[in-house]
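Quick notes on the structure that follows.
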């Protein structure tokens, strides 16, 4: 995790969020304060630190207005482990389905990946050097030792190589390189480092992914799979790949060997406990709607299972136990049918910060198309530029696109900013199809162009074909 990122002030965090997300300033402000409070807590003495727990956030707003994106970007800014789960995927204890503790295990998996990627990045140069050394030996191999060919496994001559050769080391089976081979390797090394051999084919041994077990329930499946992976020896298969691909594979393997996995796992557990963010989407779907019946009872059961995780409990993972007390939980939902007050009182109390996100207006759609650092307009311009087609959007065209997207949302299901993907894809459909045959073309997207391509939905109220 970036140590400097956690020291960002709330204004700095909001400023960075503004580069990717339009509007919703109240939501940005609240998540920025929650993030800053984590830094403040880290500066306190141990006794006070243990008493301060995160103030969880409940985001209320329709789909497509930025709830998930705000939380995801916030986590990315500080390198915190983040997962998004859907409350409707969980079932009460004793029923078939995912148990609520799986969200914590998934978060720890993300934390482990983040920590190991960070550590691998620190030993990247050494790993690449080792990979290049190995590639040189593969491109200019030494003679094999014939006398010891089957010395590693006496059963190999009987079973024809079907037995795993434990402890076999290819380099130990090679004769010391002759002067001629040393000279060739020196020449190959120079060519390799100069990038002249990137497309050359080379045969390497790579670890084979173990097959998944499909006959068990989700959580049971994962636990048994993890246990089997630890018990079974790692099987390697030979593949022929280009040098540039082989370097990546070998460098990753060497980096994996260079890092201390035990301390990395412990660091990941600490990171998940202190900086983890769990985004629980569709939490309104497990709220009781006061209609009674078995469905309400089942929903309350899921809420009561989520409650101890949010309150703080110890969950066992394959890396060790992790305490959820200081994790930040962000609940989100549209709350069209139910209200936040329909959640059980204990769970309501665990989400003390409420923020309502606004529905998107035409002006919001215009800003979404123009302002973000990697806006949709810029994405489509970049995609078509790969075909040497230059696309220019006029301000009038962008406004017209925003008006159509807003109108479609009003006339059908409101899916927020996601509607822009549908509209843009439909408008640029013909151009994307013809682009490979239009080198060096320049296409101006005007309001008239937008109307011509989208007249079927801008004038026709039967918009069912455009509902995502």
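For all residues, glycine too, the Cβ spot is worked out from N, Cα and C.
Within the same chain, residues at least six positions away from residue 69 (ATP binding site) with a Cβ under 8 Å of its Cβ are 20, 21. DSSP assigns residue 69 (ATP binding site) to a helical segment in the three-state reduction. The ATP binding site annotation in Swiss-Prot covers 22, 64, 65, 66, 67, 68, 69, 281, 346, 418.
Per Swiss-Prot, region 'Disordered' is recorded for 166-187.
Among the features that Swiss-Prot reports, compositional bias 'Acidic residues' is placed at 169-178.
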By a 10 A CB contact count over all chains shown, which of the binding-site residues listed here is most packed: 22, 65?
65
I'd like the number of other C-beta atoms within 10 A of the C-beta of residue 346 (ATP binding site), please.
13
